[in-house]
Amino acid sequence: MVNMKCVALIVIVMMAFMMVDPSMGVGECVRGRCPSGMCCSQFGYCGKGPKYCGRASTTVDHQADVAATKTAKNPTDAKLAGAGSP
């Protein structure tokens, strides 16, 4: 009877280990960066696999795009600024 309980416990523990996805994340990206060999997901978490590395954009890329958009000059702004000048 004791042996059967031990076998059942071992089987349950083994199944629990098998259910853990090896590509599960290890935490949040810090300033858009992750430990070596890991990718930053579009939601800001580090991990391996297509859920994290599948898309080309990373948090760093997104931040660079936002910064570039904020600093880009709108061509219509220049026309409006010079509209009242001779």
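Including glycine, each Cβ sits where the backbone N, Cα and C put it.
Features of the protein shown, as given by Swiss-Prot:
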DISULFID  C29-C40  disulfide bond
DISULFID  C34-C46  disulfide bond
DISULFID  C39-C53  disulfide bond
DOMAIN    29-53  domain 'Chitin-binding type-1'
SIGNAL    1-25  signal peptide
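Inclusion criterion for the disulfide-bonded residues C29, C34, C40, C46: a C-alpha placed within 10 angstroms of the C-alpha of C53 (disulfide bond); this criterion is met by C40, C46. C40 (disulfide bond) is 6 Å away from C34 (disulfide bond) when you measure Cα to Cα.
DSSP assigns C29 (disulfide bond) to coil, not to a helix or a strand.
The Cβ neighbour count for C29 (disulfide bond), using a 10 Å radius and every protein chain shown, is 22.
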